[in-house]
Amino acid sequence: MNIFRLIGDLSHLFAILILLLKIWKTRSCAGISGRSQILFALVFATRYLDLFTHFISLYNTLMKIFYLCSSFGTIYLMYVKFKATYDRNHDTFRVEFLLIPVAILSLIFNHEFDVLEILWTFSIYLESVAILPQLFMVSKTGEAESITSHYLFALGAYRGLYILNWIYRYYTEGFFDLIAVIAGIVQTVLYCDFFYLYITKVLKGQKFSLPA
């Protein structure tokens with residue numbers, strides 16, 4: 001494992017811990033998109049079907065288990081334990097506009113027409129756009145709590161670091177996965193406006209808000 005992937009994984013882990021900490025400490029999931037969290041849970045559920053059949057390393061297995069447990073745990077907190085604080089009125093992104101195209105793409109563009117491979121491809125494509133309901137929610141409210149901004153930044157940083165990981169692997173191992181690279185670039189581009197506002201506002205101690 002190279003340094004870019006390790007830091008990327010840590011950034012992803014940090015993002016999830018920030019989200020869970022925010023919900024648990026404030027006893028509220030205000031400002032968090034439940035629809036994005038459902039999409040992320042679907043990403044992990046379809047990607048890690050080989051959890052108990054394909055062992056790579058203890059690190060890999062533990063990370064898979066953490067992603068699955070944390071994603072479904074987040075959904076439980078949002079839709080069951082703290083459901084009274086969930087802002088359904090602003091979380092209105094039509095997820096079928098993401099799921100249908102992603103499903104079609106995974107059936108057409110994949111490495112192998114095999115059930116597990118198609119589901120893995122589906123998870124890669126879906127992860128690239130799963131954050132859209134959250135970004136759409138922020139755009140509707142016009143602002144986000146600082147801790148929510150930190151969560152989004154860490155999540156975006158994870159994907160950006162993975163692009164560096166692929167570049168490193170291409171030059172050192174000759175490894176290149178076009179599907180993963182394109183999906184990763186799409187996901188990173190979606191964060192660009194947010195990164196700019198985060199750097200120019202949140203890091204300067206200002207509240208994250210969109211320009212009027």
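Note that Cβ sites are derived from N, Cα and C of the backbone, with glycine treated the same way.
Note: TrEMBL annotation is automatic and uncurated.
These come from TrEMBL:
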{"type": "TRANSMEM", "residues": "6-24", "note": "transmembrane segment"}
{"type": "TRANSMEM", "residues": "36-56", "note": "transmembrane segment"}
{"type": "TRANSMEM", "residues": "62-80", "note": "transmembrane segment"}
{"type": "TRANSMEM", "residues": "92-109", "note": "transmembrane segment"}
{"type": "TRANSMEM", "residues": "115-138", "note": "transmembrane segment"}
{"type": "TRANSMEM", "residues": "150-168", "note": "transmembrane segment"}
{"type": "TRANSMEM", "residues": "174-199", "note": "transmembrane segment"}
Contacting positions for the transmembrane segment (36-56) when only residues 6+ beyond its ends and CB under 8 Å are counted:
64-65, 67-68, 71-72, 74-75, 78, 95, 98, 116, 119-120, 122-124, 126-127, 129-134, 137
Whether the transmembrane segment (150-168) meets the transmembrane segment (92-109): three or more C-beta pairs under 8 angstroms:
no
Quick test of the contact rule: Cβ under 8 Å, at least six residues beyond the ends. What residues does that give for the transmembrane segment (92-109)?
33, 35, 38-39, 118-119, 121-122, 125-126, 129-130, 132-133, 136-137, 140, 179
Which bits of the chain, at least 6 residues beyond where the transmembrane segment (62-80) starts or stops, bring a Cβ under 8 A of a Cβ in it?
9, 13, 16, 19-20, 23-24, 29, 32, 34, 37-38, 40-41, 43-45, 48, 51, 86
